[in-house]
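Remarks on the structure that follows.
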Amino acid sequence: MRREIPVRSSAGHYPIIIEPGLRRRIGLILKSLPGKRSYSSVLIVTDRTVEKLYLEDVVRSFDETPHVKIVPAGEQSKSFSVLEELLEYVAGCGLDRDSVIIALGGGVVGDLAGFAAASFMRGIDFIQVPTTLLAHDSSVGGKTGINLRAGKNLAGAFHPPAAVCFDPETFSSLSKREWRSGLAEVIKHGLIRDPELLSFALDIGSFETAEDGAAMGRLLEQSIRVKKEVVEEDEKEKGIRAYLNFGHTLAHAVEAEAGYGRWTHGEAVAAGMIFALELSERTFGIDLRSAEVEASLQKLGYDTRMYKNLDTRSLVERMKKDKKSRQGDIRFVLLKAPCEPVLMPVSETELLKHL
Ligand SMILES: O=C(O)C(=O)C[C@@H](O)[C@H](O)[C@H](O)COP(=O)(O)O
């Protein structure tokens with residue numbers, strides 16, 4: 001069954017379309033986008049893993065064979081060298097301001113291809129075709145970017161996609177680890193805004209259950225709706241969008257410190273959320289059931305304390321470079337009550353004591 005969720009952005013509205021088999025109809029979707037003239041050229045960006053699985057289906061959906069650029073799979077592709085190679089390729093293919101870039105893959109491909117689209121000729125259209133559960137988060141809201149040595153996503157742009165096209169059939173090729181990575185962001189949306197989604201996600205029990213069509217549809221749609229509500233209210237992260245960073249202050253530091261790819265983004269976010277929950281409980285003297293949430297996460301196979309093996313001081317130094325920091329003060333998204341996030345400075349002493 002087809003589902004369509006419109007998202008309001010500074011560039012107008014864009015649709016999030018969820019439909020089994022959609023990857024075979026991307027060419028048609030492009031023609032039907034509201035207010036769009038036909039695109040002069042199409043470039044698909046994907047990675048080596050997704051290429052083997054779904055590229056042919058997407059290519060065949062076009063009347064004329066699109067250009068294709070394959071990048072290496074993994075977080076390492078969110079780098080200047082890969083971005084440079086991609087942009088040179090875009091220029092070499094002769095794309096112009098009436099062209100479109102299609103990001104076919106997970107969050108890395110979406111962030112990289114989106115940033116290429118945001119910067120080529122100061123901005124051309126791009127379409128997100130996410131093939132992972134994790135990308136339900138990164139594909140909505142227009143954040144694009146790459147990592148710097150100094151930290152994750154430190155170079156990027158807000159550039160809303162022209163459409164986000166989910167084909168849930170592509171989730172069948174996800175490994176348990178990739179499921180785990182994506183589910184962490186669903187749980188985050190539950191913790192900051194949707195208690196019902198939180199219970200449903202935590203009680204999912206196993207990734208086999210999550211793969212079941214109805215359960216997955218519910219996780220995906222409800223989580224996307226939380227994201228939509230937040231980014232519609234605050235597209236450029238002047239206020240409440242920062243709450244979507246719950247668990248990410250420590251997570252980004254862990255990913256960079258351990259080496260990108262050592263832990264998946266969601267694995268790091270899961271640990272970061274437990275840390276933030278405990279910090280919230282101490283700060284506000286409340287019970288947020290952090291032990292219960294942690295037990296559910298551990299049952300699903302998350303290592304919620306992996307940061308204990310990393311150098312504490314280095315983690316704190318990395319957190320100072322987080323985009324939410326101000327004048328060197330580290331700021332965390334905490335919960336002052338269930339589903340009531342706040343952005344607050346946290347002292348280095350407090351962090352050093354508990355990391
Ligand atoms: O969309 C947002 O805003 C988020 O913070 C969502 C995060 O889950 C996502 O990982 C995002 O890419 C992190 O953004 P950043 O600004 O902290 O780099």
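One is the number of the first residue shown, and numbering goes on along the chain from there.
A Cβ is built for glycine as well, from the same backbone N, Cα and C atoms used for every other residue.
Annotations in TrEMBL come from automatic prediction, not curation.
Quick look at what TrEMBL annotates:
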BINDING   GLY107, VAL108, VAL109, GLY110, ASP111, THR131, THR132, LYS143, LYS152  NAD(+) binding site
BINDING   GLU185, HIS248, HIS265  Zn(2+) binding site
DOMAIN    70-180  domain '3-dehydroquinate synthase N-terminal'
DOMAIN    182-325  domain '3-dehydroquinate synthase C-terminal'
Residues among the binding-site residues GLY107, VAL109, ASP111, THR132, HIS248 that border ligand 1 - Cβ under 6 angstroms, in sequence order: HIS248
Rounded to the nearest Å - Cα separation of VAL109 (NAD(+) binding site) and HIS265 (Zn(2+) binding site): 14
Tally of residues which DSSP labels helix, strand or coil - the domain '3-dehydroquinate synthase C-terminal' (182-325): 106 helix, 0 strand, 38 coil
Closest of GLU185, HIS248, HIS265 to ASP111 (NAD(+) binding site), Cα positions, binding-site residues only: HIS265
Average model confidence [pLDDT] within the domain '3-dehydroquinate synthase C-terminal' (182-325): 95
Distance [Cα-Cα, Å, rounded] between GLU185 (Zn(2+) binding site) and THR132 (NAD(+) binding site): 12
Pairwise CA distance, HIS265 (Zn(2+) binding site) versus LYS152 (NAD(+) binding site), rounded so that it is a whole Å: 10
Residues near THR132 (NAD(+) binding site) in space but at least six apart in sequence (CB under 8 A): GLY105, GLY106, GLY107, THR170, PHE171, LEU174, GLU178, SER181, GLY182
Conformational class of LYS152 (NAD(+) binding site) under the three-state DSSP mapping: strand
LYS152 (NAD(+) binding site) to HIS248 (Zn(2+) binding site) - Cα separation in whole Å: 10
Cβ-Cβ neighbours of HIS248 (Zn(2+) binding site) (radius 10 Å): 26
Sparsest-packed of the listed binding-site residues (ASP111, GLU185) - C-beta count within 10 angstroms: ASP111
Additional residues around Zn(2+), ordered along the sequence, whose Cβ is within 8 Å of the centroid of GLU185, HIS248, HIS265: LEU134, ASP137, ALA184, LYS188, GLY247, ALA251, GLY266, ALA268, VAL269, GLY272
Protein Cβ atoms within 10 Å of HIS265 (Zn(2+) binding site), excluding its own: 26
Count of other CB atoms lying within 10 Å of the CB belonging to LYS152 (NAD(+) binding site): 24
